[in-house]
Amino acid sequence: MSTDSKPTIFINPAKCIGCRHCEIACAVEHSQSKDLFSAIFEDPLPLPRIHILPMGAYNVPMNCRHCDGAPCVEVCPTGALYHDEQGAVMLAEDKCIGCKMCAIVCPFGIPEFDALNGVMFKCDMCPDRRAEGREPACVEACKTGALQFGTIDEIVSKVRKEKAEQIVKLKEGEVEEEYNGWDLYRSMQTVVIRINEGDSK
Amino acid sequence: MKKNYKEVSIDPTTQQMYERAQEMGIETVWERLEKQQPQCGYGLLGICCRNCMMGPCRINPFGGEPKRGVCGADADTIVARNLLRMIAAGAAAHSDHGRHVALTLLIAAEMAEKFKKEGKPVLELDNMASNTLPYQVRDVEKLKAVAKRLGIETEGRTIREIAKEVAEVALNDFGKQDEEAIAFLKAYLNPKTYEVFEKAGEKAGMPWFENGILPRSIDREIVESLHRTHIGTDHDPVSILLHGLKTSLGDAWGGSLIATELQDILFGTPQVIKAEANLGVLKEDYVNIVVHGHEPVLSEKIVEAAQDPELIELAQKYGAKGINVVGMCCTGLEVLMRHGIPIAGNFLQQEMAIVTGAVEAMVVDVQCIMPATVDVARCFHTKIIDTSPIATFPGAIHIKFDERRADEIAKEIVKTAVENFPNRSKQRVEIPKEKMEGYVGFSVEAILKHFGGTLKPIEDAIIEGKIKGVAGLVGCNNPKVKQDHNHIKIANELMKRDVLLVGTGCWATAAMKYGIFLPEYADTENVGPGLREFAKEWGIPPALNMGSCVDCTRILVLADMVARDLNVPIHALPVVGSAPEAMTEKAVSIGTYFVASGITTHLGVVPPVLGGPKVVKILTHDLYDIVGAAFIVEPDPYKAAKKMYDHIMKKRKELGI
């Protein structure tokens with residue numbers, strides 16, 4: 001079995017509480033100053049590459065999946081989109097002609113158009129940070145673990161270990177109902193959504 | 001994103017105006033809520049702390065790191081501190097309102113004194129009024145009753161002397177520095193509940209709360225709330241919440257009570273009267289003035305000024321048939337209760353009223369007024385006139401109020417509205433037809449009068465089981481909940497189970513819009529046989545409108561009287577509270593003072609506390625042992641009504657009835 005050493009950003013909607021700190025951190029990372037208090041006064045204002053979408057009682061972080069066989073890279077007529085050495089899908093602004101083909105073929109609706117500069121923009125997995133061995137800005141900002149950074153093998157083996165632990169605990173009857181305020185809130189929110197949508201008995 | 005109008009409200013007028021707003025491209029509260037999605041989970045759970053500049057800090061609700069803020073505060077400390085700040089803000093809003101009324105009474109008494117010295121006509125004993133005085137004592141009987149409760153001598157004294165002393169005692173309760181409980185609480189609260197307050201510290205395992213949760217001064221408890229929640233001060237969720245109860249009690253038996261009682265003295269105690277509610281009360285051919293906010297000190301004068309023959313003539317000169325003053329939110333309820341002025345709607349209808357295109361002026365004072373009204377008004381000829389020196393709206397006309405020149409200012413405001421009538425675009429007017437009649441004005445005094453000077457008929461009906469108990473329904477709309485849906489469902493579910501309803505605030509306006517304040521409503525399937533029989537026997541609706549949200553104290557005074565009659569603390573009574581669509585910090589204070597006073601209270605909107613498991617346990621469980629009542633949080637109105645009813649039945653069992 002070959003191992004994939006390319007890192008990526010994994011999402012876990014069950015843990016996303018919609019604080020949108022990732023969006024702010026992303027915009028700051030892609031600003032000129034890389035400093036929040038300066039970034040908000042920059043012209044043009046920096047834009048985030050990750051978006052939190054509310055879906056009923058859940059929030060889903062939507063960011064670039066940096067696909068192996070990325071349709072956006074394949075379809076780009078000028079070669080502006082390419083994989084870097086770590087496998088991240090990058091966009092060379094100087095080559096981009098703003099044809100939006102990448103947005104058309106992306107299965108996740110990720111590439112966006114920057115009308116001011118006439119080019120596309122998307123998640124680049126924070127190359128400056130990666131060069132320093134740091135996590136992307138959005139992952140660092142996420143305090144709940146809804147965003148995780150690592151290789152597929154790292155993440156999957158971690159999840160596998162957690163599940164195995166749970167199975168053992170289940171068998172030994174050690175599983176305690178752990179208090180989880182967010183799950184409690186979400187279950188109540190589900191009721192509100194149901195009622196607002198017209199289920200009023 | 002376009003929302004289905006049926007999802008935002010069950011009120012046909014809101015639905016109609018919301019669709020109209022969408023067609024016109026006018027942004028309203030529901031679009032703004034949509035644009036706020038997703039709302040930050042740290043905030044929703046109460047685990048975000050911004051109390052110092054080492055922060056902001058937040059706690060991971062899934063159990064991982066970070067578990068503590070920079071200072072070391074854990075989730076429960078942060079949640080409790082945030083909740084205490086909400087209670088303090090709510091208590092501050094009600095109490096500052098109360099202070100304003102007390103100051104108005106003092107100004108009225110002092111102006112009367114000055115007039116007397118200058119030899120101007122001032123009536124001596126029956127009234128301190130003269131036509132040249134802006135404020136007068138309209139209810140001398142109530143003034144004397146309040147004075148008597150407070151131990152103020154009334155015999156052989158002029159009204160202005162008594163009024164001055166009542167105002168002074170009230171004002172003293174705001175800023176006194178001793179350890180005694182406030183005078184209004186001592187004057188109004190039964191000894192058994194007083195004892196519960198006194199012993200709450202001991203029961204909570206905190207004997208250093210020497211006088212328990214008895215508030216010493218209205219302002220002091222609010223200030224102490226801010227002190228306790230400052231970085232590095234109080235960190236135990238129990239003591240933080242105990243002080244929250246204390247602060248809220250300063251609101252209940254202090255600030256809010258002063259507001260209600262002194263307003264009754266100044267403007268008259270509400271008596272039962274028939275009136276109308278909903279947007280259909282706006283009139284196409286009239287100059288429409290909406291009074292919106294919470295303090296009747298100004299709106300009372302607007303109502304008077306609108307009857308000025310010169311201004312009516314001016315309105316007619318501009319082609320209007322006259323001047324139509326209608327209310328909105330709690331200011332609306334104040335003038336509804338006292339004068340039968342129609343109420344155009346509750347909180348979520350403030351923008352909708354403007355969207356009719358038929359409002360010449362929306363005159364606003366304080367609390368629950370959306371700054372967005374100014375933006376919606378820009379789409380029409382409507383003028384927003386802000387009047388309170390503490391509430392300025394960018395883009396509005398500022399005609400700031402001064403009690404000493406009340407008549408003059410009220411006339412200026414009404415004139416501004418009248419002169420705006422020619423700017424109305426007649427083709428752009430669309431007033432929904434729906435409106436509903438109802439009986440209002442059930443002050444404690446009016447209820448007593450109706451039942452022959454005693455609450456015995458109600459108490460007997462409860463003991464007999466004809467009525468199972470009483471529920472106080474209060475507060476707010478919240479765009480997170482379909483407007484009025486939970487208000488009406490919970491009301492019906494409780495009435496079906498023979499629970500008599502008393503209510504205030506935006507709940508009361510909702511109930512009125514659906515006809516619940518008509519005696520005929522007792523004939524519907526939404527009312528149980530026992531309550532139906534009782535309502536018919538006494539010629540009352542199955543639910544009683546007790547006024548604005550500050551008037552929740554009327555519910556407390558009523559509960560206190562029943563507790564006295566049965567010789568038990570309030571928490572022993574089969575009484576529950578509910579804020580089905582809670583939104584404000586004031587609602588948090590009301591809910592807390594209901595619970596602290598012994599009334600178990602339901603909240604239909606989850607307050608920002610779920611991030612702190614210990615806090616949740618204290619609020620929903622431990623408080624039963626400390627004050628005899630606690631919170632029920634339940635967004636499903638059917639389940640909520642069931643839980644409230646179960647609580648009533650539990651209390652009946654404990655009472656042996």
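The backbone N, Cα and C atoms fix where each Cβ goes, and this holds for glycine too.
Mapped onto three states, the DSSP output places B:C40 ([4Fe-4S] cluster 1 binding site) in coil. For B:C40 ([4Fe-4S] cluster 1 binding site), applying a Cβ distance below 8 Å and a minimum sequence separation of six or more within one chain yields B:C48. If you look up TrEMBL, you'll see B:C40, B:C48 marked as [4Fe-4S] cluster 1 binding site.
Neighbour list (B:C49 ([4Fe-4S] cluster 2 binding site), Cβ cut-off 8 Å, at least 6 residues apart, same chain): B:G55, B:P56, B:C57, B:R58, B:G69, B:A73, B:I78, B:R81, B:N82. Residues annotated as [4Fe-4S] cluster 2 binding site in TrEMBL: B:C49, B:C52, B:C57, B:C71.
In this view, B:C330 ([Ni-4Fe-4S] cluster binding site) is surrounded by 33 other Cβ atoms within 10 Å of its Cβ, with every protein chain counted. Per TrEMBL, [Ni-4Fe-4S] cluster binding site is recorded for B:H294, B:C330, B:C368, B:C476, B:C506, B:C549.
Taking CA atoms as the reference points, B:C549 ([Ni-4Fe-4S] cluster binding site) and B:C52 ([4Fe-4S] cluster 2 binding site) are 33 Å apart. Candidate binding-site residues B:C40, B:C57, B:C71, B:H294, B:C476, B:C549 yield B:C40 as lying near chain A, with Cβ-Cβ distance under 8 angstroms. Secondary structure at B:C506 ([Ni-4Fe-4S] cluster binding site), taken from DSSP and collapsed to helix, strand or coil, is helix. Mapped onto three states, the DSSP output places B:C330 ([Ni-4Fe-4S] cluster binding site) in helix. Sequence-ordered, the extra residues of this chain that approach the [Ni-4Fe-4S] cluster site, with Cβ no more than 8 Å from the Cβ center of B:H294, B:C330, B:C368, B:C476, B:C506, B:C549, are B:C329, B:L333, B:N346, B:F347, B:Q367, B:G475, B:G505, B:S548, B:T584, B:K586. Each of the binding-site residues B:C57, B:C506, B:C549 was ranked by the number of other C-beta atoms within 10 Å, and first place falls to B:C506.
Highlighted in sequence order, B:R50, B:N51, B:M54, B:G55, B:P56, B:G69, B:V70, B:A73, B:I78, B:I231 have their Cβ within 8 Å of the centre of the Cβ atoms of B:C49, B:C52, B:C57, B:C71, the residues recorded for [4Fe-4S] cluster 2, and are not part of that set.
Within the same chain, the residues at least 6 positions away from B:C71 ([4Fe-4S] cluster 2 binding site) whose Cβ sits under 8 Å from its Cβ are B:C52, B:M54, B:C57, B:I231, B:G232, listed in sequence order.
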